[in-house]
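**Q** Features from TrEMBL:
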- 155-576: domain 'Myotubularin phosphatase' (DOMAIN)
- Asn326, Arg327, Ala328, Lys329, Asn351, Ile352, Cys413, Ser414, Asp415, Gly416, Trp417, Asp418, Arg419: substrate binding site (BINDING)
- 588-672: region 'Disordered' (REGION)
- 614-636: compositional bias 'Polar residues' (COMPBIAS)
- 697-717: region 'Disordered' (REGION)
Amino acid sequence: QDEETQHSLECIQANQIFPRKQLIREDENLQVPFIELHGESTEYVGRAEDAIIALSNYRLHIKFKESVVNVPLQLIESVECRDIFQLHLTCKDCKVIRCQFSTFEQCQDWLKRLNNAIRPPSKIEDLFSFAYHAWCMEVYASEKEQHGDLCRPGEHVTSRFKNEVERMGFDMNNAWRISNINEKYKLCGSYPQEIIVPAWITDKELESVASFRSWKRIPAVVYRHQNNGAVISRCGQPEVSWWGWRNADDEHLVQSVAKACASDSRSNSNKLMNGNCSRDFSNGGDLSDVEFDSSISNASGAESLAIQPQKLLILDARSYAAAVANRAKGGGCECPEYYPNCEVVFMGMANIHSIRKSFQSLRLLCTQMPDPGNWLSALESTKWLQHLSMLLKSALLVVHAVDRDQRPVLVHCSDGWDRTPQIVALAKLLLDPYYRTTEGFQVLVETEWLDFGHKFADRCGHGENSDDLNERCPVFLQWLDCVHQLQRQFPCSFEFNEAFLVKLVQHTYSCLFGTFLCNNAKERGEKHTQERTCSVWSLLRAANKAFKNLLYSSQSESVLYPVCHVRNLMLWSAVYLPCSSPSTPAEDTCAPYPVPGSSPEDQPLGRLPKTRSFDNLTTACDSSVPTTNRRSSDPSLNEKWQEHRRSLELSSLGNTGDDPFDGDGLSKQGGRAPLGAELSVAAGVAEGQMENILQEATKDDVGLEEHSRGSLEIVGKGDEVALDKEKRTDNLHGHVSEL
């Protein structure tokens, strides 16, 4: 009875706090052209030129004759009127939407409606994620099913700190300890409540260090190499200022990180050095391309390193000039004289203002009529790929220090919540295969981006009264772009596919889920977002086959060493180009609710990004047959894969033998295995995976034709909540709707 009373109160709250709004039709014959989500109410339906336009409290929906625009309101950055009759909508993910009206008055009416709808909320409850969750409670309450457990992330996310400490093998007896100095966020509002520090550092010393670091963001250990014990830590800049202040406790803490690595009992099992790959940049110079290439080569020096304590690498994401300029605002950088046995490297990464300007240039380029003759030079002028290259280089330098040199690393920028999580999270992704699984990637995002206070509300523009455009910047999107570049270079190393990343980009801004609300964990706790909204990981869960990479092999490289030069990077067309949204998965594979009476194994395999597939993989591998390649951005089949395929074909010519496959789809050709079978064996495809690839390659590209007409499917079907429970009711299927 108490549970029923609780559900009744929640239902009352849903109806009273988030009431449905009355629909206004410009034409009485018009109907809402989409299925509404729980808590969604359409406010306006009207006619544009050759289209029906609808506006709800969650989305803008424009239905043209041959295409559909379906975009969450919080994904829209600005709306303006152009050419008197045309609305021009700019989206935060680089897309641009244009809608033509018949009259100037109608265009102005919709301009006012949209500007009111996309305005930053005056209070956080105005975001749709709260209404959606509250109305879902009513539906699940009527079916006597607890909604609270349905849209929560898994235990691997909720217990991530404890699990990670155990998984990485920290020696909590002699080297490290967990400090609760930030319990209830009393020390630092943008840090997690539990942090790892050297065992002999007291909380009193940490308080002293906090007074010397920007925003009290003290050096905290976030990763340990399981083989050699080297760690990665992160912090804010030291507040040196023009006066040249120093802090003895801060200097002691930084040196203690290196000493704790040496005393880690598990790190003593491996003392073989791979050579010192870094050079002395502590004179204040930035790291050039030539110096970077030489710094990651295997230089001699193992003998001296075996005797001397390991030098801690302090990686400052800024340029030396920017770090010195920050002294005028009370910041600065570490002076090598005060931090013995430490080495300072300045990476020269751009700040959020330069990144925002670069992204705006990229968006302008991607929405203009392409000029084939000048496209590459125009793309280069945006500097977007150059910024990605610098970020990858910075992460790779951390990887070399930790993995090859067995050196501890301390990473910071100015405040430690933009460039710092980019570098640290990317380095951890390269170092540890666990973070390249679906569950591990979720833990990585929650830890480095959410727990350590990346300001999603300010950077994405969906915070309370977040009108300051200077605070907006696609920092997280830039990092996801780097992850996509890694997927292209290592197609077998990631459990999730490109569609997973595309969907994560969309829901970073959509505010359908509450995962990326607020600026830090303290604010999310005060607003009770975890209890009042759904988690995006309930959609992007490991069990959702729509987001599985069929080429994934758990036996792939342990540590990834990507090529970072600009010429090896590619524009993420699935996100930035207007007609590339087919990389979102097919509608039926996004459905959060299994078909009644079926098991998850019975569900259809999730589609790879919707690109042109070979009709027959066997004949497609025959060099005598003209081939139609997938587009270059497809993470499952890139240029390196194609070059490897051609080399395998040449080496296999003239070889004969028995067919190692007896299954369908591979037949004997002249007494030897077909070329597709040889390719699968030579390329080392995991056992049983070739069959899945063949099935995927021979499937019809359902829905490719309508996508090729240029429909802008910003958000696919079935994104309400991807729920993990097996038992679902029939009426819930009615809400698997197009977002």
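Backbone N, Cα and C define each Cβ position, glycine as well.
Any TrEMBL annotation is an automated prediction that lacks curation.
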**Q** Rank the binding-site residues Ala328, Cys413 by the number of other Cβ atoms within 10 Å of each Cβ and report the first-ranked residue.
**A** Cys413
**Q** If you count Cβ atoms within 10 Å of the Cβ of Asn326 (substrate binding site), leaving out that atom itself, what do you get?
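**A** For Asn326 (substrate binding site), the count of other Cβ atoms within 10 Å is 21.
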**Q** Could you state, as a whole number of Å, the largest distance between Cα atoms of any two of Asn326, Arg327, Ala328, Lys329, Asn351, Ile352, Cys413, Ser414, Asp415, Gly416, Trp417, Asp418, Arg419, the listed substrate binders?
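**A** If we measure all Cα pairs in Asn326, Arg327, Ala328, Lys329, Asn351, Ile352, Cys413, Ser414, Asp415, Gly416, Trp417, Asp418, Arg419, the largest is 21 Å.
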**Q** Please report the number of other Cβ atoms within 10 Å of the Cβ of Asn351 (substrate binding site).
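**A** The answer is 16.
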**Q** Long-range same-chain neighbours of Asp415 (substrate binding site), Cβ under 8 Å, sequence gap at least 6?
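**A** For Asp415 (substrate binding site), the qualifying residues are Ser214, Trp215, Arg217, Gly236, Gln237.
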**Q** Using Cβ-Cβ distances, find the residues under 8 Å from Trp417 (substrate binding site) that belong to the same chain and are at least 6 apart in sequence, listing them in sequence order.
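**A** The answer is Ser190, Arg217, Phe452, Gly453, His454, Lys455.
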**Q** Under 8 Å Cβ-Cβ from Arg419 (substrate binding site), six or more apart in the same chain: what's there?
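**A** When sequence neighbours closer than 6 are ignored, Arg419 (substrate binding site) has Ala317, Arg318, Met349, Asn351, Leu391, Cys413, Val475 within Cβ distance under 8 Å.
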**Q** Averaging the per-residue pLDDT over the domain 'Myotubularin phosphatase' (155-576), what integer do you get?
**A** 90
